[in-house]
Amino acid sequence: MSMGPISELLTVSYPIAETFHSLQGEGAWAGGNAFFIRLGGCDVHCPWCDQKETWPTQHHPRQTVTELVQQAVTAKPSFVVITGGEPLMHDLQPLCKTLKNQGLRLHLETSGAYPLTGQFDWITLSPKPYKLPQAAIYPLANELKVIISQDEDFDWAEMEARKISPGTPLYLQAEWETEAMNEKIFAYILTHSQWRLSLQTHKYLGVR
């Protein structure tokens, strides 16, 4: 998408599953004051996904950049999280540019399955074996978060970690409905010290 005048950017719209103000529950920024923009649309189709309702793009009402930015500014968060679904199915440049113009810090949560659009202060790469990440996303990731739902996923995690820039924080997170995996992740990290545990803190707190 070519970037026209700011007035044109404001009228660009996206399918929005939800927006909400809460604490970031996962990864390096867990506990931080965050405003979430959850875009509709995903064709990665993880069988254990806890956001399957976001998959069909056409099922979600569209909101303009103006509407989304107004909500984010009103929330006064420490950072804005653009998530999904798979947000990179959409051209995020108009939204990112306008949010940045308001001085907001931007975080992205992505599987990396599509090319990166927009400028972000932090990129959480959560690769999925069902649709592999674009090679170009690996050196841009600020953290790697791998979901563990079965024993074989540990091998997948190690394979993905080898593609990430040295020193990038590495997280293992249990799929929510197989919470027993937390014990296996705990034991795994004790013998693989490069990894850290990510918990879905917001779910334990019973908040969004």
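Backbone N, Cα and C define each Cβ position, glycine as well.
With Leu23, Gln24, Gly25, Arg38 listed by Swiss-Prot as binding substrate, the candidate from Thr74, Thr83, Thr98, Thr110 annotated for that site turns out to be Thr83. Confidence for the domain 'Radical SAM core' (29-208), expressed as mean pLDDT, is 93.
For Cys46 ([4Fe-4S] cluster binding site), the binding-site residues whose C-alpha atoms fall inside a 10 Å radius of its own C-alpha are Lys128, out of Leu23, Gly25, Arg38, Ser126, Lys128.
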